[in-house]
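Encoded as structure tokens, the structure appears first; notes follow it.
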Amino acid sequence: MGSDQGKKFDDNGLPVMSDAEKVPKFGGVLLFTFVPLAIGLVVAFLIYSFGATATYNKRIVAVVGDDLHWACAAVVVLGRVVSFVNLYPTVHKSQIMKRDSGNLRANMFIYKAIGKDAAPNAVVLDDAGAVGAYNRANRSLHHMIENYASLVAGLFLASHVFPFPVFVCVCVFGVGRVMHQIGYTTGYGGHGAGFGLSLFAQVTLEGLLALVFLKGEKLL
């Protein structure tokens, strides 16, 4: 067992976790699966209320006439499933890594050697210098692919009713992803602002789709 600036590490190189830290915690997964959508729906309602409401209503009627409000609902469900599936691994991540574990948290997988006389060390991404920046930039790429299903699936649908707001959402999403990737190359934590921006854009688009569904079913 070793230590680094007061932090204790196991012989395999991973942080030493207390018994309390090893207990799986599911609350955050449920919270971050549904709260962002609620925020997105509020933003969508503000766009609807303070924008071209009469025009939006006409377009919603056309969408509902073709029963496509159910397709809007399907994209929202897809988005929340993708969110849950991305968040669930954090239940177990928190059992093996601390919040202040830095670049170690960029690892999607922890490997080990097997076979005769295999070392017990955990095998992780190289996080130093240009190699570390390269690894984290690619991690950012994977993160985008992991999360943007609802944005791609809902882009055309939402544009039928809210074309300009959707354009703005995509622009904000794009800026956020660029910030996420460039920020990540500077080290773990540098991606935070970009993540927040891209997530906000994505849940706003989901909120617009949810609003169309709710209006179509006369629930709003």
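Every residue, even glycine, has its Cβ placed from backbone N, Cα and C.
Residues annotated as transmembrane segment in TrEMBL: 26-48, 68-89, 148-175, 195-214.
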Exercise. For the transmembrane segment (148-175), find every same-chain residue at least 6 residues outside the stretch whose CB is under 8 Å from a CB in it, and list them.
Key: 47-48, 51, 56, 59-60, 62-63, 68, 71-72, 75-76, 78-79, 82, 194, 197-198, 200-202, 204-206, 208-209, 212
Quiz prompt | Long-range environment of the transmembrane segment (26-48) - Cβ separation under 8 angstroms, sequence gap at least 6 | solution = 56, 76, 79-80, 83-84, 87-88, 90-91, 162, 165, 199-200, 202-208, 210-211, 220
